[in-house]
Every structure is written in structure tokens, then in C-alpha cells.
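Enquirer: Sending over a structure as C-alpha cells; questions will come in a sec.
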Amino acid sequence: MTGATTDASPAGGSGSRSAGRVLLPVATGRQVRAYLRRVMRGRRPLLCATAVTMIAESLLGLVGPVAIGWITQAIADHRGVGVLVGPVVLLATSTVAGAAAGWGSTVLLARTVLPAVARLREETVAAAVELPIDVVEAGGAGDLVSRVSGDAELVSDAASDALGSFIGSGLAILAALAGLAALDWRFALAGLLAVPIQAHTLRWYLRTSRPIYAGGRVADGRRASALLTGFTALSTLRALRLGASQRDRVEAASAESMDYEFRAVRAATRFYGRLNLAEFVGLGAILLVAYFLVRAELVSLGAATTAALFFAGLFGPINIVLGVFDGIQQAGAGLARLVGITTLTGARDAGRPAPGPIGTAASLTAENVSFGYGEGPDVVRDISLRLEPGRQIAVVGTTGSGKSTLASLLAGLRRPRTGTAALDGVFLEYIDLPQHHVALVTQETHVFAGTIADNLRLARPEATREAIDDALHAVGAHDWVEALPDGIETPVGGGGRPLTASQAQQLALARLWLLDPPIVILDEATAEAGSDTARALDHAARQVTRGRSSVVIAHRLGQAAHADIVIVMENGRVGERGGHEELRAAGGVYATLWAAWSQASSGPA
Ligand SMILES: Nc1ncnc2c1ncn2[C@@H]1O[C@H](COP(=O)(O)OP(=O)(O)OP(=O)(O)O)[C@@H](O)[C@H]1O
């Protein structure tokens, strides 16, 4: 099992604990490097071509100062205008060629790096979608959202912008230093006086800003979690008048996040201030050296001008390179959080047995499955069952006995604490998107923003009009959908036409019909027993389970009468197990429940 949310994540990434919550893991430096090597594999030729055009761009950038130096010298020597033609043509050509090389390097960089960033985004979103619910719950959905949005944005910006500037400016610096040395080694030496100050400043800045950025990203995740909790639990918070305390939580998370931002800005201001000092020292030294060298006639005035221009021309690239560390540090913190998500599925895949083909006649088994929420006690205890192809198991029990929890374990949405849930012998957590094999309809059905047809085509994008009508007929929703002004094209969900709970449930069942999975698990409890709605939903449920293997959480006891096996849950355990008639005859808990049910309702539907 991948206990992904503990401090020592299974993949070795470090999870962080905050305010009692264990956040999703953050990848280690080694994991990030391994990930980068993997995504950049096969892109080496493009990367080399990018580097070559960047070097060309930087070298061409040096031609300008050299040409201006020649021109200055020619004017100082009172030479004829004809002498200027060569340097001027060189200046113009190098400018055009430099612009072309700059364009080429930008295009190549985009082709090299942007697909890698896109892949990182895709992989992390895919990994995030596959995370078991308990991992997301423990880590906080907000943290996950902030990773796949904010962190992905930082990495994308750094890769497409900062990285290019970093490489280009780094090369420009090297070339300019070489140019300085070529003019006179003493110029290079004078310019190098700035380096110790810059190196010290950079070391100080990296040491200071790394924890600020890492902490800031985590704080942003926490703020997103607090906000998301506020939105998703809005009605509960309002009903219980808990708005103020939730607002306090959001404010505290925002204050923490802002504190990190202030600290980052303070560090950056001091960083740039110290860099200005380094420039002042370097340029002062070069001008001093130039003064003495020209006076001693060891270098020409033109060479001295070129040297000063070279050094002044270094300010921009140096500031860019050092400033880019800012972006790279932030992106590094974001990248570690993104790769942290992929380590969870990576750890799962490392232990994954090669799954054989899972057929449509697969059998679903649970062996000694136990589960509890968070660090709480087990609410499902030591349950074993086997669902044979085409058979139906009904699970009954009092409220809170663990039925819905068992349903989510059998659907692979949650992972057992101990024991295993498997499909044809393959553990559910080793199967990509087990919903393709096992589909679950829960008590909370989400109506997605879009038309009714859009909602149904989520299950099968290529579904024809006829297929959609069939599905609606099967679940008994065809008539009310047809009666809507735009039929299946009527907008529903998020601002669209409101649907009743049982209509939403019917749409969920129609989606299931289109999805056509071999195994279905039904855990819906929208309708009051004995009502017309209950009868309609029971009919729809029977339609979608016909010919399939199914587990029906029988919130209305009448649903159990048609099952091959009935399991009675008591306090998380299997209390009784057997056929409907067999259990009725046994005179135990089920018989009592059934008698009460039959009396209270107008009879089984
Ligand atoms: N997300 C959760 N976090 C913590 N505890 C939970 C969570 N969901 C359920 N529980 C607890 O687990 C136990 C089993 O709940 P479960 O919903 O599985 O029971 P159930 O038999 O399906 O109940 P019902 O018929 O009311 O839906 C209950 O004590 C419940 O309070």
C-alpha cells in the first residue's frame, strides 16, 4: 500500500506537517533531477541547437562594442571617412544576424522546453486525478489545486522565460569577460573585482531566499486549502454560523502567505542593492585602469572605450542572471511540489505487478479489508467478500455501519488500511482508473455545468443521440428530459436549470448506462422509501445492474430482495450473510429489519 501522506513518503519525498495536517509530499533534489533527466530525454539535439544559437547570439552581441571602439579610434586618429565603412557594415550585419540568432534561439527553446513543461503539467494532473481520495483528503484538496495551478505556472514561466535569459545572459557575460581580457588582461582583472561581491551576494541570497520560497509555496497551498474548504462547506458554515471562525482561518493562512511574500521582497531589495555596489566597484576599477593604461600609452583610447562599454554592457546580463535565480528558486520550490505528486503514483507503480488483462467477466474480491478515516478507529473491519461475474451483492445495515465506506473501498476510491481489494487478483490501486472496470454511483451526484447531453457524454464522448435517448429511457428520465424546453440540450448545473436530487441521480445512472462497466456499485439514497421517486430510482437501478456484476448499498431495504447475496453490516463488520429468503428464515437481524421495513413501507418495490 502506498501510505502517501505520511512524513516519510513511500517514494522518499518529504511530506510536511503543518497545523496538524500532513501535506502531500515534496520531492527531494534527487527525485527532481531524475524527473528532469527523464522528461528531457531525447531532446538533446534540440537542446544543443538551442545552445549553439544562443552562443552565436552572444558572440554577435560583442561585435557592436568592438566596431564602436574602432570607429572611436578612427575618429581620434583623424582618419578618412572610407575607413568607417567596414566597421559600420560590420555593425549593421552583426545587429541583423544577432536578431536572427535571437529569434532562432527563442523558437528552439520553445520547442525544447515548452513540451517538457506541458508534459510535466499533464503528468502531474494525471497523477493528481488518480490519487486515492484519502490521500487528497489528508493533504488538502487546496494544496493539490495550488500545485497544479500556481506551481505549474511558476515552472512554466521559469522554463520559457527565465531559463532562456539565464543561458543567453550567462554566455554574454563569459564572452564579454573574454573580450575584456583580449583588449588587455588588466581590464579583465579590474572587472573581476566585482565578482567577490557578487558571489557573496548570490550565496547570501540563495541561502536566504530558498527557505522563504519553499515556505511560501507551502503557505500558498495552505491558503488555497482554507479557501476551498470555505467554499465547499459554505452551506454548513452558514447553517452553523461558523463563517467567522472559517474567515479567521483564511485570514491566518493569508497572513502567513503574505509574510513570506514580504520577506521575499525584502531579500530581493537587499540583493539588488548589493549588486549595484558590485557594479560601482567594477566600473570604477576599469576606469581607473583605463586612465593609467592610456596615459602610459599601453592601450589606445578606442580600446579603453571598448573596455568600459564591455563592462557597462555586463550590468544587464549580470543582473538578469543573478535575478533569474529568483525565478529559478521559486520554480525549484514549485517543481519539487509538482514532482512530489508524481512520486506517489511512481511509488505505486514500482510495486505494481504486471496486471493480466481484466476481462468483462472479472470478479471483485475483498480480503480482510479494514479501513478508518484519518487517524480515527476502523469503521470497516475485517471484511471479506467475493462478487462473481453477473451476480449481485446487497449490503444493508443501520446508519453509520460502514456501508458507504465499503462501497468506496470496493470501487478503488479508498485504499484499505489492511487487507486487499482486487479485481481478478490485481489490487485495485494498481489499476489505472479502475472506474473503467468498476463504476460507482454515490449519494452525492454532481451535475456538471453544461447541457444534459454534455453530462452524459462525459461517460462516452462519442455517444450518439440514439444512445443518449436509450440511456435516458433505461433510467426512466426520458419523459422529463423531453419536457424541458431544449430537451437534452438544456443547460443544467452551475447556473443552468436546477434539477431535483432524484433527477441528478437518474442522470448519474444514465451516465453509468453509457459507460457500460462490467461491475457497478450503487450507493444512492436520495429517495424516501415507498415514494414514487424511490420506485422510479429502484427501477433505474435494476436496469443498470441487469447483466452486470453489482454491489448495491441498500439504503432502502427493498433493494436487497433481488440480490443473490445479502450482507448485513453491524458496526463495520459483517454480521450476517446469505440469500434474502435464507436470512429472513434465520430470524436474525436481517429478519427483524425486513419485518420492520415491510410494515413501514407499502412493501418491496
Ligand atoms: N469522510 C469521513 N471522515 C470521517 N469519518 C467518516 C467519513 N465518512 C464516514 N465516516 C464515519 O464512518 C462511519 C461509517 O460511515 P458510512 O458512511 O460508511 O456508513 P453508512 O452505513 O454508509 O451510513 P449511511 O447509511 O448513513 O450512509 C461513520 O461512523 C461515519 O461517521
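Every residue number used here counts from 1 along the chain in the order it is shown.
Yeah, the Cβs are placed from backbone N, Cα and C, and that goes for glycine too.
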Enquirer: Looking at the candidate ranges 175-194, 275-294, report the one that TrEMBL labels transmembrane segment.
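Expert: Here TrEMBL associates transmembrane segment with the stretch 275-294.
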Enquirer: Taking every residue in the domain 'ABC transporter' (364-596), what is their average pLDDT?
Expert: 86
Enquirer: Checking distant contacts: for the transmembrane segment (46-71), what same-chain residues at least six beyond its ends satisfy Cβ-Cβ under 8 A?
Expert: 40, 84, 87-88, 90-91, 94-95, 97-98, 101-102, 104-105, 108-109, 111-112, 164, 167-168, 171-172, 174-176, 179, 302-303, 305-306, 309-310, 313
Enquirer: Report, as numbers and ranges, which residues of the same chain sit near the transmembrane segment (300-325): CB under 8 Å and 6 or more residues beyond its ends.
Expert: 61-62, 65-66, 68-70, 72-74, 76, 162-163, 165-166, 168-170, 172-173, 176-177, 179-180, 183-184, 187, 191, 198, 201-202, 205-206, 209, 271-272, 275, 279, 282-283, 286-287, 290, 293-294
